[in-house]
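Lifted from Swiss-Prot, the feature list:
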- 1-22: region 'Disordered' (REGION)
- 2-57: domain 'IBB' (DOMAIN)
- 7-22: compositional bias 'Basic and acidic residues' (COMPBIAS)
- 42-51: motif 'Nuclear localization signal' (MOTIF)
- 109-151: repeat 'ARM 1' (REPEAT)
- 139-231: region 'NLS binding site (major)' (REGION)
- 152-196: repeat 'ARM 2' (REPEAT)
- 197-235: repeat 'ARM 3' (REPEAT)
- 236-280: repeat 'ARM 4' (REPEAT)
- 281-320: repeat 'ARM 5' (REPEAT)
- 308-396: region 'NLS binding site (minor)' (REGION)
- 321-362: repeat 'ARM 6' (REPEAT)
- 363-402: repeat 'ARM 7' (REPEAT)
- 403-447: repeat 'ARM 8' (REPEAT)
Amino acid sequence: MPTTNEADERMRKFKNKGKDTAELRRRRVEVSVELRKAKKDEQILKRRNVCLPEELILSPEKNAMQSVQVPPLSLEEIVQGMNSGDPENELRCTQAARKMLSRERNPPLNDIIEAGLIPKLVEFLSRHDNSTLQFEAAWALTNIASGTSDQTKSVVDGGAIPAFISLISSPHLHISEQAVWALGNIAGDGPLYRDALINCNVIPPLLALVNPQTPLGYLRNITWMLSNLCRNKNPYPPMSAVLQILPVLTQLMHHDDKDILSDTCWAMSYLTDGSNDRIDVVVKTGIVDRLIQLMYSPELSIVTPSLRTVGNIVTGTDKQTQAAIDAGVLSVLPQLLRHQKPSIQKEAAWAISNIAAGPAPQIQQMITCGLLSPLVDLLNKGDFKAQKEAVWAVTNYTSGGTVEQVVQLVQCGVLEPLLNLLTIKDSKTILVILDAISNIFLAAEKLGEQEKLCLLVEELGGLEKIEALQTHDNHMVYHAALALIEKYFSGEEADDIALEPEMGKDAYTFQVPNMQKESFNF
């Protein structure tokens with residue numbers, strides 16, 4: 001049995017007539033929280049360096065030395081060698097530790113930490129007289145920081161943040177890149193370390209590296225690092241940091257590399273996942289047009305975050321939503337509703353649900369751009385998660401649309417798939433569907449076509465489904481279904497009400513004029 005608070009929350013979601021568009025959008029943001037959470041499988045938070053070729057990191061002399069097979073060192077030997085004070089021994093043992101940590105399967109991160117090697121590895125980061133040792137230590141620490149939060153914490157507690165930030169400006173590009181990689185892992189752990197990096201002034205040296213001379217692979221790492229600095233929202237990144245990073249992200253949005261575009265779009269999605277003020281700073285960069293272009297990309301890794309970003313933007317004000325409409329979002333959404341990936345269908349429907357929460361002129365633009373038919377198709381045969389978002393789109397549309405707009409949706413066949421979904425187990429979605437049906441009946445009442453709609457609902461098997469909900473476990477569902485039946489389907493009483501004369505201005509009228517009735521026939 002739901003608690004009073006749950007019931008109140010459901011009632012708020014059910015009763016949305018009379019709410020303004022901002023309230024409708026805000027409610028949708030809360031309901032689709034699972035859409036808004038950063039999904040760990042969509043963009044990688046942390047990465048281990050397991051595959052750099054040795055010839056990139058060793059001097060020719062060291063390569064010659066490594067060509068002779070030597071048995072791997074034990075952890076005890078590594079600890080002794082790293083603490084020996086002998087440069088050659090330090091390097092050999094640090095490299096052995098790095099190799100252990102770079103194993104693809106079960107790297108012994110905790111063993112290295114418990115052996116007390118992190119302070120020594122951090123110390124080696126400042127050995128500017130030995131760039132190979134610096135690099136090996138940086139690589140080892142990068143891989144430890146790619147682990148759990150506790151493992152990342154051990155790297156931070158060892159003093160690695162200032163040491164790595166100073167290495168961003170290293171004259172050796174491979175060391176600088178490894179430092180960025182390590183810092184990206186630290187930032188990816190969460191808002192605490194993200195803000196620690198920002199407070200240590202990591203952004204200026206990082207942005208200085210975004211230039212045409214930076215190799216592509218390195219630029220990818222920098223972009224990923226920047227996206228991690230934009231990530232997380234408890235708390236959000238400081239606005240001062242956002243304003244520093246945004247111009248460079250805007251520049252990177254025009255790159256032609258798919259990995260850079262993907263990470264930049266993810267960064268934009270994090271920055272727009274917040275208050276209207278945060279959405280506004282992104283919209284004001286003028287980047288919305290480019291985001292819409294990227295929604296046409298054949299690459300899923302680009303479509304997903306660009307769609308997410310635009311979806312976030314249309315949770316904002318009517319003006320912010322209009323910026324997305326003016327940039328052409330309504331032209332690309334029909335094809336995304338039919339995308340082969342259900343996750344894209346779901347996000348597209350979510351975006352539409354927020355546009356549908358807008359004023360009637362924005363709803364009219366949805367109609368003009370041909371969104372109703374693919375939306376009904378999705379409601380009919382889409383993946384269930386996508387169908388749930390489509391249900392929200394229909395309910396918001398019928399809440400804020402004009403009578404004529406509601407009729408157009410009904411004429412597109414929305415009733416049958418909507419009624420069919422009343423048999424699902426998700427109480428929240430059933431309430432939203434009943435809300436949409438109630439909204440459609442209100443439109444029919446205004447046209448004097450309530451009786452026709454009753455017959456249509458009955459022919460589609462809807463009455464039977466609504467009646468069945470009177471035995472539903474959820475009392476909110478039961479009450480909503482009962483209210484519909486009592487108001488519109490109570491047998492002879494309903495017929496009597498339908499035949500009662502209606503008081504017009506000058507006389508009694510039984511129904512609206514025929515012309516109007518034909519124009520808006522259900």
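Just so it is clear, glycine is given a Cβ too, placed from its N, Cα and C backbone atoms.
Keep in mind the model is a prediction, meaning the values are calculated, not measured.
Taking H, G and I as helix, E and B as strand and the rest as coil, DSSP gives the repeat 'ARM 1' (109-151) the counts 31 helix, 0 strand, 12 coil. With DSSP states grouped into helix (H, G, I), strand (E, B) and coil, the repeat 'ARM 2' (152-196) comes out at 35 helix, 0 strand, 10 coil. Here the region 'NLS binding site (minor)' (308-396) has, by DSSP, the following mix of helix, strand and coil residues: 70 helix, 0 strand, 19 coil. Sequence-distant contacts of the motif 'Nuclear localization signal' (42-51) (same chain, six or more residues past either end, CB-CB distance under 8 Å): 101-104, 107, 139, 142-143, 145-147, 152, 178, 181, 184-185, 188-189, 224, 227-228, 231, 262-263, 266, 304-305.
Residue counts for the repeat 'ARM 3' (197-235) by DSSP state, with H, G and I taken as helix and E and B as strand, are 24 helix, 0 strand, 15 coil. For the motif 'Nuclear localization signal' (42-51), the number of residues in each DSSP class (helix H, G, I; strand E, B; coil) is 0 helix, 0 strand, 10 coil.
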